[in-house]
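*Asks:* Found this in TrEMBL, in case it helps:
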BINDING   A:39, A:42, A:112, A:163  Zn(2+) binding site
DOMAIN    A:139-326  domain 'DUF4921'
ACT_SITE  A:165  active site, tele-UMP-histidine intermediate
């Protein structure tokens with residue numbers, strides 16, 4: 001069973017999930033399937049994944065059959081396992097607990113060659129809808145404190161399979177970075193009685209230099225202090241702490257802007273590897289007044305090195321004003 | 001001039017250091033010199049670096065001439081610039097300051113093909129001595145609050161030049177990760193009146209499963225909660241907060257264990273890219289009772305992805321007990 005271990009000096013948890021039988025040098029080898037290789041996420045290979053949890057089947061086919069347009073399955077090599085208790089224990093001065101959690105894969109489309117941003121807007125919306133459904137379902141399990149949704153696209157961004165997919169991990173603790181973000185938002189609210197994200201949106205719309213695009217309900221901006229070149233955040237312009245409670249109309253707007261921003265990044269940065277992370281409230285609802293869900297998209301164009309590891313600072317060679325300027329100018333609907 | 005910008009929500013600074021003229025897609029291309037290409041760090045190319053700050057010249061040659069065995073030069077493409085004032089200013093709700101700092105390169109040997117761990121132990125010791133000299137000198141500048149020493153080896157670990165070198169960055173603020181480490185060590189000291197690193201060393205020596213090697217004054221361990229496969233820390237067994245104050249004998253012991261651990265990693269992990277970071281006290285000496293300098297070596301065998309970006313957790317497929325077992329068994333002096 002995987003273990004969650006805590007560093008004794010700083011508040012940092014790691015998941016030790018041993019992959020037995022792998023030799024040390026194996027970790028360095030790329031693991032992305034070539035298009036010629038076998039893909040467990042392709043149509044017809046449904047039996048090669050664990051049993052599906054959710055699917056969209058426009059032709060009415062049965063579970064784990066072909067004919068789907070979206071599929072959610074448990075990760076075959078989970079970082080955390082669903083069965084068991086948390087069992088916190090000490091080892092001398094150290095602390096650990098069982099690696100309990102859910103680890104699911106959202107297969108966003110059935111065609112191996114088509115990236116998320118190339119899918120029809122409706123399919124992007126269905127992907128967001130699948131995120132909502134899985135969050136709502138997993139929130140019922142009292143062991144889980146946080147549900148993280150993210151996407152790794154491209155080998156340099158950590159994707160181990162090429163076929164377009166996102167991932168969801170339900171965790172027995174609220175991660176440190178989420179706590180920091182909630183704390184920062186809470187402090188601002190206590191002082192000003194306003195949501196800090198609503199304030200950021202107001203300042204960015206007034207300034208304009210870092211705005212990439214807007215639609216009716218959403219805005220995409222390059223943040224003032226971006227860690228990565230062309231880092232872009234997508235935020236609802238209305239205040240909403242819980243992504244999973246937003247309406248179908250809201251999801252349509254989010255899908256529209258997510259697809260367009262990803263297409264802009266694809267064109268401007270030459271099909272970059274990227275990660276995106278859904279920043280959402282915890283399972284508890286006490287953050288509703290001051291937290292504001294959003295998606296942070298991080299193209300992987302630079303490498304993290306000793307400086308970042310030693311400081312937590314990032315060095316970014318592209319200012320957000322320059323990045324937004326280039327992304328704004330890029331036309332994705334000719 | 002580079003800018004230090006602070007994220008308005010979390011306590012995260014970024015350095016915006018624009019590299020003008022680079023197109024977005026350029027960031028994805030590898031920049032490591034091939035052995036056939038030109039190398040500004042090789043013997044005879046001294047005029048291609050900025051004027052040297054420190055050098056070891058066994059043959060008595062003059063500054064910026066050939067004949068050196070170690071050279072310290074300013075980074076030609078610094079992340080921070082040495083000239084100017086800090087000038088903290090606000091931009092609406094945001095905060096920034098000038099990117100003031102020193103950024104130096106320690107060229108550890110004159111031969112392009114020879115890695116740090118392949119150099120004679122004496123040369124590794126001279127590298128550590130050079131770190132000390134530069135820290136002592138830069139501490140005199142009242143603008144600097146922290147001096148970071150680190151090494152990027154291999155392209156995947158962020159090295160942009162192949163010729164063996166480390167780097168030093170003097171910063172106008174104490175970075176977040178350093179503050180967290182100092183805080184953790186201080187809390188332990190306040191409660192127990194003991195150094196947490198001394199306690200860790202005692203527990204690891206008693207347990208033995210995570211010890212890689214020891215010599216008279218130093219120990220190498222795989223930490224209990226490692227972020228990366230084969231992550232290894234080197235600590236003095238005596239209590240010392242300030243690396244730059246340690247004796248020549250201490251440096252000899254540190255060089256001995258650093259070289260051997262890097263050689264073990266090289267053999268076990270098939271010449272992995274790696275980073276190491278010197279974790280040292282700040283410029284102030286108030287941490288002397290509870291901080292304990294050490295070197296953290298992080299082989300780059302896994303990729304950071306959306307999960308790490310969203311949580312701050314790391315997923316590590318190799319337990320430190322297994323890693324230490326393999327590293328202990330590896331013989332580097334046949």
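Note that Cβ sites are derived from N, Cα and C of the backbone, with glycine treated the same way.
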*Asks:* For the domain 'DUF4921' (A:139-326), what is the mean per-residue pLDDT, to the nearest integer?
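*Replies:* A mean pLDDT of 95 is what the model gives the domain 'DUF4921' (A:139-326).
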*Asks:* What does DSSP say about residue A:163 (Zn(2+) binding site): helix, strand or coil?
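*Replies:* SS state of residue A:163 (Zn(2+) binding site) = coil.
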*Asks:* Does anything in the same chain, at least 6 positions from residue A:42 (Zn(2+) binding site), have a Cβ under 8 Å from its Cβ, and if so what?
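*Replies:* Residue A:42 (Zn(2+) binding site) has long-range Cβ partners A:110, A:112, A:163.
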*Asks:* Return the residue, from the listed binding-site residues A:112, A:163, with the maximum count of other C-beta atoms within 10 angstroms of its C-beta.
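*Replies:* Its Cβ has the most other Cβ atoms within 10 Å: A:163.
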*Asks:* What whole-number Å value do you get for the CA-CA distance of residue A:39 (Zn(2+) binding site) and residue A:165 (active site, tele-UMP-histidine intermediate)?
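*Replies:* Per the Cα atoms, residue A:39 (Zn(2+) binding site) and residue A:165 (active site, tele-UMP-histidine intermediate) stand 12 Å apart.
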*Asks:* Taking only same-chain residues 6+ apart in sequence, whose CB is under 8 Å from that of residue A:165 (active site, tele-UMP-histidine intermediate), what do you get?
*Replies:* A:41, A:105, A:106, A:107, A:108, A:151
*Asks:* If you draw a 10 Å sphere on the Cβ of residue A:39 (Zn(2+) binding site), how many other Cβ atoms land inside?
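*Replies:* By my count, 17.
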